[in-house]
């Protein structure tokens, strides 16, 4: 059974705060191992990557076989059922259409002082995408990471995906092909992150690394951050559903379970203004848990971290939601649009009963890489913005420098940075002598 | 003497690569100390902050005197010379005008499948700004960090600034007032970062922390990252000037020195297509170093990390610049605008001889917090975007779910995430039975 809370309980605030701060992830401390792996790859390049792949993935590669050839990708793609291919293609088209609208625009203007100012966006030159092997090898993640990069204009996109014991997921390669990935390597773990960040004889270094991974991958990404850019370090998945009594309890139960089935550390919370509806959803969850394939995982998550919170009204629901700052927020109420407008902190909002969160995981169009662990208070999901960067532009006319330069000089001197001031003063002096 | 390189040298590539990878910063390993300080502040709150302030800043505060009162800020501001106040105000106005154009826009549309999609930007609720005390206590940094936050709509902006031995910089408080800062605390170091991130009895926690600081502050920011958002960890400053012979060597020398005077680890590089001009600039630097107030620092930086690179033509200059990915790039050539267009990786570009980089440090309008250490390859300077976050929005009509839901179900099943698929299927079944 999940926790039941009501905002009218005397101890509500204590219990809600405890729910918010429940530690859901036990990150093993693998930092020393990862530091050694990165040092090894920096020192020995391909040789280190190959040795570590033999050790961890039980796979003997050579520099020549590290990378999938086009023929090998063709052969894997040929194994994909046409309906799966069509579904991936539809998802890719919709993700591309959504993300294409995110491209930021350049600006350039001249202000009243005569200063020409602006900025220009340019894509990251090369990006690397980590794709986990084994059970959590999700083709949808390939699309969600690779398409924003390609929309941004990233010239070279390299995927690393471990193939333990040589087992490959054809759908991952199909997704990579559909998304326009340029290179795919059969490597994983911290060694793959190190190879992407520092390069080896076979793998050219990239400027930015994104994509999910296990504790080793996460620790490696943290370590190479600065040398390259990284995306967020994602925690276990979360969903908050705000629903009134006019919903099918089974639908809401399935939406809660679709996060719970990800991971024993996932968290699913229902907020409702109707206690009876809350009980009905709890019963529906239990019923579905009888037969769900991943019931062991889903039940463990629901038991440990699930919660049903009864509120007095939906304004209270929104206030609690902002304190949770959920990764996924589903709003299934009569006035769902109006309620969504009032939310301040959430990674993604799914509005109305016909929008199960799973649509967003695959095919809606928005990205499914979203801020977890309350970080929606200060960060956003993956987007085209993660693969571009801004260069600011300034051009002073002599008149502009004459107008604003003296203030710059004054501020420089107040900060005891004399050369700053002199660099302005030397030019002002020329102007004062009538020169340009 | 700085290094002289020419692209025609046989060993150019080796030397240029060495220049790029020169280790300019020796970060002391203070992580253990910082971890203890953060744990202490989390455990003891105000008491820890006060004890650490007494120890490191030789200043005895109480919870009641940690924060500057409005009357205290008034008194400090009254010490500021009117001309300094006017310069700060002009800088603030120009920075605000520039950053106001950065506000991203919301979007909402309905696509051909009947799916309503979009996103909404919201400000971070509360932000903290670290301002160093002592010599590097720069009012310009207060403006550059605080104004984008306020433009973004951050509701609460708290500044922490240590006042060792009780010494306060009136210009910092004036800048905070002009920028609309809400709270100013007389604390610094890792204890101030911990207080902002976790809160104490007196200081409410914030969601995002920005601003420069010493090794302790940087280590603390790294440690609290995840609990709150942080800006970049800035390294020593850098400038690259691309200049042809038609420049006054003294102007270019001063521009190079205006970075070199920041820090012995700063790096100033000139690229020119004229060796004689390069020599003239080197001579001008030496001449200015005779009298510069911060000549010891500037000379050490120029000696250790300065470089003059002679290229065959300006196309070569742009290619080298993109390998350097400089924080500041000044382009002083006949075709400066056209050359700037060709640059891919730079934090900020200053175009034409009338645009000394120092203008951008104070008063141009663009932000002076910029990516260092080649990170302009993948990151941008501080902006309004650092203080907002995006929530994606999705709303499916029944028709939209009927159109794209089956593909979502198919992909969910291919990833063995059954509940995801069932959450879609349950709704599709209702539709198939004619219900909505």
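Glycine is treated like the rest: Cβ placed from N, Cα and C.
Among the features that TrEMBL reports, NAD(+) binding site is placed at A:130, A:191, A:214. In the three-state DSSP scheme, residue A:214 (NAD(+) binding site) is classed as coil. Within the same chain, residues at least 6 positions away in sequence whose Cβ sits under 8 Å from that of residue A:214 (NAD(+) binding site) are A:132.
Secondary structure from DSSP puts residue A:328 (substrate binding site) in a beta strand. Sequence-distant neighbours of residue A:328 (substrate binding site) (same chain, 6+ apart, CB under 8 A from its CB) are A:237, A:238, A:239, A:240, A:259, A:346, A:347, A:348, A:350, A:357, A:360, A:370. Taken from TrEMBL, the feature substrate binding site applies to A:237, A:259, A:262, A:328, A:361, A:415, A:420.
The feature Zn(2+) binding site is assigned by TrEMBL to A:259, A:262, A:361, A:420. Classification of residue A:262 (substrate binding site) by DSSP places it in coil, neither helical nor stranded. For residue A:262 (substrate binding site), the count of additional Cβ atoms within 10 Å of its Cβ stands at 23 [all protein chains shown].
For residue A:327 (active site, proton acceptor), the same-chain residues 6+ apart in sequence whose C-beta sits under 8 angstroms from its C-beta are A:237, A:238, A:239, A:346, A:347, A:348, A:370, A:371, A:372, A:376. The annotation active site, proton acceptor is assigned in TrEMBL to A:327 (among others).
Residues or ranges marked as active site, proton acceptor in TrEMBL: A:328 (among others).
A separation of roughly 44 Å, to the nearest angstrom, links the Cα atoms of residue A:420 (substrate binding site) and residue A:130 (NAD(+) binding site). All chains included, 28 other C-beta atoms sit within 10 angstroms of the C-beta of residue A:130 (NAD(+) binding site).
Under the DSSP three-state reduction, residue A:415 (substrate binding site) is assigned to coil, being neither helix nor strand.
Sequence-distant contacts of residue A:191 (NAD(+) binding site), defined as residues of its own chain at least six apart whose C-beta falls under 8 angstroms from its C-beta, comprise A:37, A:40, A:41, A:48, A:49, A:52, A:53, A:56.
It is 45 Å from the Cα atom of residue A:415 (substrate binding site) to that of residue A:130 (NAD(+) binding site). DSSP assigns residue A:130 (NAD(+) binding site) to a strand segment in the three-state reduction. Annotation for residue A:361 (substrate binding site): same-chain Cβ neighbours under 8 Å, separated by at least 6 residues, are A:140, A:258, A:368. It is A:259 that, of the binding-site residues A:237, A:259, has its Cβ surrounded by the most other Cβ atoms within 10 Å. Spacing of residue A:130 (NAD(+) binding site) relative to residue A:262 (substrate binding site) is 19 Å (Cα to Cα, whole number). Note: A:361, A:415, A:420, taken in sequence order from the binding-site residues A:130, A:237, A:361, A:415, A:420, have a C-beta within a distance under 8 Å of a chain B C-beta.
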